[in-house]
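**Q** Dumping what Swiss-Prot says about this protein:
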SIGNAL    1-19  signal peptide
CARBOHYD  Asn34  N-linked glycosylation site
DOMAIN    43-231  domain 'GH11'
ACT_SITE  Glu127  active site, nucleophile
ACT_SITE  Glu218  active site, proton donor
Amino acid sequence: MVSFLRLAVACFAAVGALAAPVESLEERSDELFNSTLHEFAERSTPSSTGWSNGYYYSFWTDGGGSVTYTNGAAGQYSVQWSNVGNFVGGKGWNPGSARTINYGGSFNPSGNGYLAVYGWTTNPLVEYYVVESYGTYNPGSGGTYKGTVNSDGGTYNIYTATRYNAPSIIGTATFTQYWSVRTSKRTGGTVTMANHFNAWASHGMNLGTHNYQIVATEGYQSSGSSSITVY
């Protein structure tokens, strides 16, 4: 990004070369370069976690592309992203549990993205998803199929996968992923987590001590927007 911006600055400077001395052009180049970097930095929200209006939130990004995460009132949040590497963010609870979750809103990915109940446990270290909608890529296609579970008016396919030396809540680690992927996409409704936890357990997919649990938007090498409210 830096080399591209400097090239753009140089091109801009060349246009006015006949009308300005060299010192003035250098000053203008530095000002434009620094201003552009500042504007780029303002467009990207840094990774963070915490509490917002009674709900726990988590936002993580690998720093690629531009992504803006905004906490709204109560359980609402929004995300705008463009040409990202990878990010995941949303609102919910800490710790997670076998609760019944209600949510609604809009989810508009252009490319690869997920709208899911997303959480972690430790001992064992597990990253889990109950995917309600997704973009161009079905996340379950990269895992091992285990079966189905019927819940909340829909059918979910169950998968498991292993991530090696990947980012986690305890740092870079190797861990297991559990997935329930809804066969009919939706962007609002009820998710009965107990149904998924019980179905996973029936396939030997056991959870540990719950960490956070959020209704998350995730984007991977894509662009898009979402606005979600958790109840």
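From the backbone N, Cα and C atoms, a Cβ is placed for every residue, glycine too.
Let's see these features in context: how buried, what's close, how far.
**A** Here the Cβ of Glu127 (active site, nucleophile) has 22 other Cβ atoms within 10 Å, regardless of which shown protein chain they belong to.
In the three-state DSSP scheme, Glu218 (active site, proton donor) is classed as strand.
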**Q** Rounded to an integer, what is the Cα-Cα distance in Å between Glu218 (active site, proton donor) and Glu127 (active site, nucleophile)?
**A** 14
**Q** Over all shown protein chains, what is the count of other CB atoms within 10 A of the CB belonging to Glu218 (active site, proton donor)?
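**A** The answer is 27 other Cβ atoms.
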